[in-house]
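> The feature topological domain 'Periplasmic' is assigned by Swiss-Prot to 1-17, 74-90, 248-256. Feature annotation from Swiss-Prot assigns topological domain 'Cytoplasmic' to 39-52, 112-144, 188-226, 326-343, 388-397. Taken from Swiss-Prot, the feature transmembrane segment covers 18-38, 53-73, 91-111, 145-165, 167-187, 227-247, 257-277, 281-301, 305-325, 344-364, 367-387.
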């Protein structure tokens, strides 16, 4: 890849537009497919405890392929890696449409998502640089948030109309992402000719994990972000069961509206953190993390829709204020120790492992018959205690 290609590309070049459109459609499909498939499980009378299993097979793919996907992204043109990954997502969504086991289809989507993640972030640095790179990351995050909001709501609303229509819309979104990927210029591979010895690749990845874990600051960041995203995905599934019990509403759309309030709140909280927190004042974000658990506890006791909306937006605000500085800390310290790509891969492993653990505990609680409101209360209390313990540990070290 020539220097001119790397540095002189406009922020709104054809390639950058293609990346942003592909990211929006791919993330739209991910979020719509989750709620469409949950509606399918409900329509086919799967047990309630099976709902979080759906997300567990998705994140399981992330964990299984974590040591390898970074090298895949660096060994081939990233635009083509993204196209292949979206093709896997399309295949998974289409298989669910055609009646293949939804857990198998969703696993395929998870494999595609695992391959897609390092490529979508890595390609930004190949299409632009400097101050434009910061803006490009902002565009990527903005398109992702928009896709989360619109995709979640679309999945629930379309599923209330017809589950098959919702699933078909997800497949179309992935198909559109594949088409958008075609318009990304075929840049040279970042690190071609690497060894594909799986043992060596795994050993290298584990060395990066060990290096980050031994550093107090990066360990603190990894634990904090993992707790947050593990709790966030568990809250998504908690809402699906909580809404009919606490609010008496049985449609598929209402949980998606409530999830959208969390996403909006995260945007607000992230903006506040950017203005009020620096790497030197990291401790300012910790009270917000504790308050997430407290507000989840209060939210679980609600029986009216408007207070539920307000409290979930507040949870999102606290979440954005908490997690954005932790991400920045890991990126800054990780870049200097193991490289940004390895740091992101290790972070993905930590976050998805936390999701797997928390979803497993939640699924077990539902399976043994614990009512959803006490689950929510316990969930909020435990999260607040966990972040408090993390803060105490950070202050001592």
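Glycine too: its Cβ is placed from the backbone N, Cα and C atoms.
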> Looking only at the topological domain 'Cytoplasmic' (388-397), what is the model's average confidence as pLDDT?
87
> Need a quick answer: max count of Cβ pairs under 8 Å to the transmembrane segment (145-165), which of 53-73, 227-247, 257-277, 305-325, 367-387 is it?
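Result: 257-277.
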> From the DSSP assignment alone, can you count helix, strand and coil residues within the topological domain 'Periplasmic' (248-256)?
4 helix, 0 strand, 5 coil
> Are there at least 3 C-beta pairs under 8 angstroms linking the transmembrane segment (281-301) and the transmembrane segment (344-364), leaving out pairs fewer than 6 apart in sequence?
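No; fewer than 3 Cβ pairs under 8 Å.
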> Who are the long-range neighbours of the topological domain 'Periplasmic' (248-256) in its own chain, taking Cβ under 8 Å and residues 6 or more past its ends?
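Hits for the topological domain 'Periplasmic' (248-256): 35, 38-39, 42, 152-153, 155-157, 159-160, 236, 239-240, 305.
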> Mark yes when the transmembrane segment (167-187) and the transmembrane segment (227-247) have three or more Cβ pairs under 8 Å (sequence separation 6 or more) and no when they do not.
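Answer no: the transmembrane segment (227-247) and the transmembrane segment (167-187) share fewer than 3 Cβ pairs below 8 Å.
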> Of the listed stretches 91-111, 167-187, 257-277, 281-301, which one has the most C-beta pairs under 8 A with the transmembrane segment (18-38)?
167-187
